[in-house]
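Undergrad: I'd like to ask some things about the structure below.
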Amino acid sequence: MTRENVAHNALRQEGLVKGKDDTWKWGTSFQGSSSSVWETSHLHFRQLRYHETSGPQEALSRLRELCRRWLRPEARTKAQILELLVLEQFLSILPGEIRTWVQLHHPGSGEEAVALVEELQKDLDGPAIQVPVLVKDQDTLQKVVSAPGTTLPPVLPGSHIAAEICPHPPTDLVAFNLQDPQHDSPAPEASALSQEENPRNQLMALMLLTAQPQELVMFEEVSVCFTSEEWACLGPIQRALYWDVMLENYGNVTSLEWETMTENEEVTSKPSSSQRADSHKGTSKRLQGSVPQVLDFEEECEWQVLASQWGNETDERADTVKKVSLCERDKKKRTPPEKQGQKWKELGDSLTFGSAISESLIGTEGKKFYKCDMCCKHFNKISHLINHRRIHTGEKPHKCKECGKGFIQRSSLLMHLRNHSGEKPYKCNECGKAFSQSAYLLNHQRIHTGEKPYKCKECGKGFYRHSGLIIHLRRHSGERPYKCNECGKVFSQNAYLIDHQRLHKGEEPYKCNKCQKAFILKKSLILHQRIHSGEKPYKCDECGKTFAQTTYLIDHQRLHSAENPYKCKECGKVFIRSKSLLLHQRVHTEKKTFGCKKCGKIFSSKSNFIDHKRMHSREKPYKCTECGKAFTQSAYLFDHQRLHNGEKPYECNECGKVFILKKSLILHQRFHTGENLYECKDCGKVFGSNRNLIDHERLHNGEKPYECRECGKTFIMSKSFMVHQKLHTQEKAYKCEDCGKAFSYNSSLLVHRRIHTGEKPFECSECGRAFSSNRNLIEHKRIHSGEKPYECDECGKCFILKKSLIGHQRIHTREKSYKCNDCGKVFSYRSNLIAHQRIHTGEKPYACSECGKGFTYNRNLIEHQRIHSGEKTYECHVCRKVLTSSRNLMVHQRIHTGEKPYKCNECGKDFSQNKNLVVHQRMHTGEKPYECDKCRKSFTSKRNLVGHQRIHTGEKPYGCNDCSKVFRQRKNLTVHQKIHTDEKPCECDVSEKEFSQTSNLHLQQKIHTIEEFSWLQNTNESKIEIQKI
C-alpha cells in the first residue's frame, strides 16, 4: 500500500474524506490517543487543498471542523488556544533538524519547546556525531560510508513529521563515526542504547528514516545543468548555492530507493528476496542517473558527467561529491534482516499521515514540488524556486555591462541587451514592424487581427494582453497596491511607481540625441523625437488630419462623433478628455496643491504651475521656426503657426466663419445660440466669456483691484497692471539690434523690427492698405465699417480706439499724468510726452528713404512719403478733394461743417484744430518755446521757426510745377498755384467778389467793416443834428 493510499484510508476512517460510495458526514471512528488526534487534525487543517472538496461551501465547512478539532475551543481557554498558535509559529521558525528534535518530544507549551531546544544545543556542543544508519547490507554500506570524506545527504524537508510519528527508530541501526571511517560498528544493543541516551543520534537517524517519498522521480527531473560558459559566469557564492541545491536533490532522490509498500496488502514480517528484487529493479530504473546511494544501484549515474561540468573546483563540496559519486555496480540482492520485518510494518503504519506533508516537496504529475519559505508559493522546478527567492533577497546576479542594470534571470539580461544592440529578431508580416521579444510580436499581431481575448466581466471591455485586463480591473475595484515610500502616493501599476520615484531622485535616464533634453519616461522621449522628425503616424479617417500621439487622434475623433464620455458627478458637465474632467473636479473640491513661491499663486494642475513659473523666469522654450517668436507653452506655438500656414480648422456651422482657435469658435457660436452669453446688467452689453464681463463691470462700478505699490496707481485689468509695473522696473529685456531700442515684450520688438524691414503682413481687404501689426489692421477696419465701440460717459462722444477714449476722458478730468522733466510741461498721453522730449533732444528717428528727411513722428513720415508716391487715399465727399491722411481729411471736413471744437478759455475764440488752439494760447501767455539758433529769435509755433530758419539757409523746398518758382513755405506755393488755375474759392458775401487767398478775403471784409462803421457814424451824427433842430 502506498503512502498516499494509507493516508487516504486514515482520513476516511476519520470521516474527513469521502469514499466512492460514501456521502459526506463527520465521522467519529478515529482511533488513537488524544495527542495523535490533535496532531493529525492540525496537519489536515494546514494541508487541506481546495481540489479535494466538491465546492467552496464544503471546503469552508471542512476547515471549520478541522480547526475545531485542532484547537478544541470547548475544552480549552482563550489563553491555551493562543499558546497553541504561538507554539506552532515558534516551531515553524526553527531550523529543520532542531524542529524535528523538538516535535519528537511533543511539547505542550512554548516553555517546554524552549527547554528542549536549549537541551539539544548543549548536546550538539559535544564530541563528533555518530549517525545511526539503517543497514541492509553492512558490507556494501561499509564500502560507501567508509570512503574518505564521505558525507551523508541532507535531510528531506518535512521529515520532522515522520519523526513525530516514529519517536523510536528501529533498533537495528549501526552507528558510524563520520570523522573516523575505520571505527568499528558497535553491537545493535549498544547502538540502540546510545540512541536512547543521545538525542543527536535519534535526530540523525530520523533524517534517514523519515525521508519517505510520495512518488519515485528521476534525478533528471530535479537536476539543474549549466553550460561551461554559464558556469564561468557564476561567482563563488552562486556556485556554493548550486552545490547545496544539487546535494539536496541528491538526498531527495536517494530517499526514493527505499522499497514501497503495495496498495492492498500490508508489509509482511519477512519479505522474500524475490519480492524485494522485483521491487528494487523497478525502483532502480526510476533512479537512473541519480547520485550514489547507500543502497543498491542498477544503472551507472550521470553525476560524474555533472561533476565534470563544474571543472576543477577546490571547494570541499566538490571533493566530497566527486568521491561519493564513484558508483559501483553492485549486483547483489540485499534484504533487510528477518527480525526487522515487524518494525518495518510498524514504521509503515506510523507513516500514514506523513504523505500529506511530503506533498509540499515531491508530488504527483502536475503538482508543484518546491515551496518558498517566505511567501509559501510552490514551484515545480527548483531553478524556478531559486529565481523566485531572489525577489525576496533582492539579488540580481546578472549585470548588464553597458548600463549596469541587474536582472534576476539570465534570459531577462539577454532580452535587455537587445535594447543596446538594437536587435529586433521578431518581425510582423503585416506591417513589417520588428520586436525584441516574441511576446511583444504576439501582442502586436492582435492589433491586426482585432483579437481581444481578455474580457472584463464588469463592463465587457476587451484587451490584447492579460496584464491590461488586470490593470483595468483595478479601476473598478479602486485597488492601488503600489505605494511610494517617500510621499505615500499609491499607484495601480508598478511601472507608474518606478516612474514616480524618479521624480524624487531627479533621475532622467532617457536623453534625446539631437537636443540633449532628458526625460523620465521612455514614451516621453519617443513623443519628443517626433518633434524633430515631424512624424505624425496617426491619421483621422474623417478629415485626414494626422497626429503625433494616438491619444490626440482619439480626442480628435470625438469632435466628429460629438462624444463626451467623461461626465462630472457634481454638476453633470461632460468632457472629451479624462484630464479635463480631473481638472474640472478640482473646482468642486478646491484642491490646489501647487503653490508658487514667488507670488503665492496656487494651481490645481502641475502643468499650469510649470507654465506659470515661466512667467517669472521668462523662459520660452517653444520657438517658431518661421519668425523666431517664442512661447511659454507648446499649445501657443501651434496656434501661432496657423498664422503662417493660414490654417483655420474650426468652422462655424451657422455662418461658415472659420477660426484659428477652438475657444474663438465656441465664443462665436454663443452669439448664434444665445447660450452661455454673459450680459451686463447696467448697459445690456453681452460678452462671450465671464472674464470679459467682469472686466467690463468694473467700468461701471469704478473698481480697480490691481494697485501699483510704487506709485499707488490702480488698474481694472491685471495685464494693464503688469505693463505698468515695467515702467518702474524699467525692465526691457528685448532689444532691437538695428537701433538699440529696448522693449518689455517680444511681440513689441517683432512689430518694431517691421519698421526697419518695411514688412507689412496684415492687409485690409477693403482698400488694400497693409499694416505691420494685426491690431492696427483691426483699428483701420473700423474706419470702413464706421464702428466706434468706445463711448464717453460724460458727453457721449464715440471713438474708434480705446486709447482715444482714455485721452478724451482726461479732457473732462483735466488729468495730465505725464510730465516733462526739462520744461515741466504735462501731457495726457505718454506718446505725446515722448514726442515732446524729442524737441529738447532734437531727435528725429523716422527718416525718409527717398530724400533722407527726418521726422519726429512716424505719421509725419508716412504723410511725407505720399508726396513722393503721389498717393492720396482719403477723399472729401463734399468737394472731392483727396488728402494724404485721415487726420487731414477730418480737419478739411471742418471747413465745410464749420465745426470748431477747440475754444480758448481766455478770449472765447474757437479753432478747428487743437494745435491752432495751443499756438493761440501762447499769445496770451507770451510763451515762445521755439528759438532760432542763428539769430536767437523766438516763435510761438514750430512751423514759424522752420519757416524762419529757411531764411538763413535759403532753402525753398516747395516748387511750382507750372513755372518752376520755389517757395519757403507750402502755403505760399498753394496760393501761387491758384494763379495758374484761376481758382478763387474765397467769395465775399457783401460784394460777391472772389479771391484766391483767405487773407485777401479777410482784407476785403475789413474794408466793408470800416465802410459800414463810417456810414453808421455819419448816420448817427445826422440824427443828432435833426434832434437839435
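Note: Cβ is positioned from N, Cα and C throughout, glycine not excepted.
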Undergrad: With the ranges 59-81, 197-219, 818-840 to choose from, which does Swiss-Prot describe as zinc finger?
TA: 818-840
Undergrad: Out of 142-164, 510-532, let me know the one Swiss-Prot marks zinc finger.
TA: 510-532
Undergrad: Cβ under 8 Å to the zinc finger (958-980), counting only same-chain residues 6 or more beyond its ends: which ones?
TA: 947, 950-951, 996-997
Undergrad: Are there residues at least 6 beyond the ends of the zinc finger (874-896) whose Cβ is under 8 Å from a Cβ of it, and what are they?
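TA: Here the qualifying positions are 783, 859, 862-863, 866-867, 912-913.
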Undergrad: Let me know the model's mean pLDDT on the zinc finger (370-392).
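TA: Overall, the zinc finger (370-392) comes to a mean pLDDT of 82.
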Undergrad: Determine how many residues of the zinc finger (818-840) DSSP places in helix, in strand and in coil.
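TA: Helix, strand and coil residues of the zinc finger (818-840) number 11 helix, 4 strand, 8 coil.
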Undergrad: Taking residues 6+ outside the zinc finger (566-588), which of them lie with a CB under 8 Å of any CB in it?
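TA: Apart from its flanks, the zinc finger (566-588) reaches 555, 558-559, 604-605.
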Undergrad: Helix, strand, coil: count each for the residues of the zinc finger (874-896), based on DSSP.
TA: 11 helix, 4 strand, 8 coil
